[in-house]
Structures are given as structure tokens and as C-alpha cells.
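K.L.:
One structure, pasted below without further comment.
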Amino acid sequence: MSTLKVPHSVPAAADDCEQLRKAFAGWGTNEGLIISILSHRNADQRKLIRETYANTFGEDLLKVLDKELTSDFERLVHLWTLDSAERDAFLANEAAKKWTSSNRVLVEIACARSSEQLFAARRAYHVLYKKSIEEDVALRTTGDFRKLLVLLVSSYRYEGTEVDLNLAKTEAKLLHDKISKKAYNDDDLIRIFATRSRAQTNATFNHYKDEFGKDINKDLKDDPKNEFLSLLRATSKCLLHPEKYFAKVLRLAINGRGTHEEDLTRVVATRAEVDLKTIGDEYQRRNSVPLDRAIGKDTSGDYEKMLLELIGHGDT
């Protein structure tokens with residue numbers, strides 16, 4: 001469930017552009033005016049604002065925002081203003097270029113989006129970077145990580161609800177056999193994680209638990225320091241329980257030693273129009289603190305204001 005609050009009567013895009021132009025005028029930038037407009041417009045409305053701004057003033061709104069704003073606030077506004085496919089392409093490119101074994105952004109893009117959304121991100125990547133996500137991921141990653149991640153970002157999972165129970169039983173046994181032998185990089189294991197539909201994967205993992213008495217993710221915790229096992233667990237959770245996955249990302253971003261603004265920014269910008277209300281509820285259930293209060297405690301200034309508006313707890 002989305003946390004975005006769009007007014008019943010939305011000004012014309014041309015009027016929003018005039019107000020944004022005023023926010024940039026003079027000696028200082030009117031950040032409050034920018035927040036009041038952009039944080040209360042949906043994806044289609046923001047896209048129209050960008051197009052209208054370019055046609056009216058001959059400038060790319062994103063470039064103007066980047067010039068006028070700074071730090072975490074600038075990054076949040078930039079990600080939020082991007083079209084969702086462009087945003088995923090931007091994040092994927094960034095993740096590939098500075099990839100580390102603990103980076104989960106590519107898993108999020110591959111597993112927490114629909115097949116059509118992932119395909120749209122791959123097309124946007126072509127346009128923006130003149131190459132494919134797959135070739136950049138293959139270039140920047142190594143070993144078992146490359147085997148899994150290239151297959152994840154190039155997959156087009158079936159979105160239907162149909163399930164083959166016999167296949168679920170067969171593949172649950174296969175997974176248990178491979179995991180028992182610590183053959184975590186087995187081609188079939190990776191294939192199942194990276195290509196099966198959500199419904200089929202859920203049926204397989206449920207049968208795994210019923211047949212072998214343990215959740216598959218717990219069996220994948222054999223070595224807590226093994227980053228590849230962590231990536232497999234993230235793939236499973238992000239695909240089947242995104243609200244739990246993202247609630248944990250937020251907890252680690254907010255409750256760790258110092259706020260990890262990059263993760264906080266990414267989750268809010270990518271999930272506000274999707275399921276951030278559900279993620280916030282899960283966060284409160286697990287941490288006994290409302291998400292807005294946690295964010296308010298660990299952030300400040302215009303960055304805090306924009307975050308709170310996007311999670312539905314702002315002042316405007």
C-alpha cells in the first residue's frame with residue numbers, strides 16, 4: 001500500500017513548473033516549496049512536470065534540482081523525480097560500478113519488481129548507458145555472485161498464480177540435497193532461485209519446510225559470514241516477503257551506528273508508491289517504534305521533511 005498523498009485537486013503541470021521556477025529564483029532556494037510540490041505528485045504527474053519544465057524553460061528539471069540542492073536531500077529528490085524505470089536503471093548502474101559482495105541493490109531490482117518493471121528498467125538502461133545491465137553486472141561481479149546476479153537481472157519470471165506441486169516437491173528435494181552438501185553454487189539451485197515464478201518458488205519453499213522441518217533460509221545460514229549465502233537469503237526474502245526484507249533494510253539503515261542514508265533514501269524513493277505502508281507496519285511490528293518517529297529521530301532538515309512527506313507523515 002502506497003504512502004503517497006496526492007491532493008484531490010492537482011494544479012496543472014505548467015503551474016507546478018512556474019512554482020518550481022520561483023523556488024529556484026533569487027539568492028536562496030525555496031526547498032519547502034519544492035517539497036510541497038514534488039512529494040505530493042504521482043509518477044505520471046512528475047513525468048509531466050519534467051516534460052513541461054523542459055518545454056517551457058529549455059532546461060532539464062533534474063539538472064536544475066541537482067544544481068540547487070545538496071547532500072542526502074538532493075539524492076532523495078533526484079531519485080524520487082526520476083521515472084521508475086530510469087530510477088532502477090540508475091541504481092543498477094551505480095550498484096554495478098561500485099559493487100561489493102554485500103551490495104543487495106541488484107537483488108532488489110531483480111526480485112522486488114514485476115517482470116515488466118524489470119524489463120522496463122533493462123530498456124531504460126540501454127537508453128541511458130548504451131549497453132545492457134547484464135553485461136555491466138557480468139563485467140563487475142565475479143564467481144558465484146556473477147552466476148546468480150546475471151541470471152537474476154536477465155530473468156523474466158512468470159507472474160501467474162499457477163503452481164506445479166509435483167515440480168515443487170521435486171525441486172524442494174533437490175534444494176535440500178544441494179544445501180546439505182553445501183553445494184550452494186550448484187547450477188540448478190541458482191536456476192530455481194533466479195527463474196521460478198513467485199508462486200512456484202513459494203510452493204517449493206513451503207514444501208521444503210514441510211518435508212524437512214526447517215525454513216530454507218535457516219538452512220542457508222550455515223555460515224553467517226558467507227556473503228553468497230546472504231545473497232541467496234536476500235533473493236528469497238525479497239522475492240516472497242518484500243515487506244520483511246525492506247523493513248530489515250530500514251532497521252539496519254536507521255538503527256545501526258549512524259544512519260545509512262543511502263539505503264534509507266533508496267527504500268523510501270522506490271517503495272513510497274508501492275508498499276511503503278505495509279513496510280512501515282512491519283517495521284513497527286518488529287521494532288516497536290513507528291517508522292516516522294525513527295526517521296525523525298535520525299534525520300534532520302529538508303531531508304527529514306521530504307522523507308516524512310513521502311511516508312505520509314509530513315506537515316503539508
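Keep in mind that glycine also has a Cβ here, set from the backbone N, Cα and C atoms.
Remember, TrEMBL labels are computer predictions, not curated facts.
The following feature annotations were taken from TrEMBL:
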{"type": "BINDING", "residues": "Phe24, Gly26, Gly28, Glu68, Ile254, Gly258, Thr299, Glu304", "note": "Ca(2+) 1 binding site"}
{"type": "BINDING", "residues": "Asp298", "note": "Ca(2+) 3 binding site"}
K.L.:
Taking only the binding-site residues Phe24, Gly28, Glu68, Glu304, which one has a CA atom nearest to the CA atom of the residue listed as 'Ca(2+) 3 binding site'?
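P.N.:
That would be Glu304, nearest by Cα distance.
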K.L.:
Please list, in sequence order, the residues in the chain of Glu304 (Ca(2+) 1 binding site) that are at least six apart in sequence and whose C-beta is under 8 Å away from its C-beta.
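P.N.:
Listed in sequence order: Ile295, Gly296.
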K.L.:
To see if you understand the setup: which same-chain residues, six or more apart in sequence, place their Cβ under 8 Å from that of Glu68 (Ca(2+) 1 binding site)?
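P.N.:
Sequence-distant Cβ neighbours: Ala23, Phe24, Thr29.
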K.L.:
On a count of neighbouring CB atoms within 10 A, which of the binding-site residues Gly26, Gly28, Ile254 is highest?
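P.N.:
By the 10 Å Cβ neighbour count, Ile254 comes out on top.
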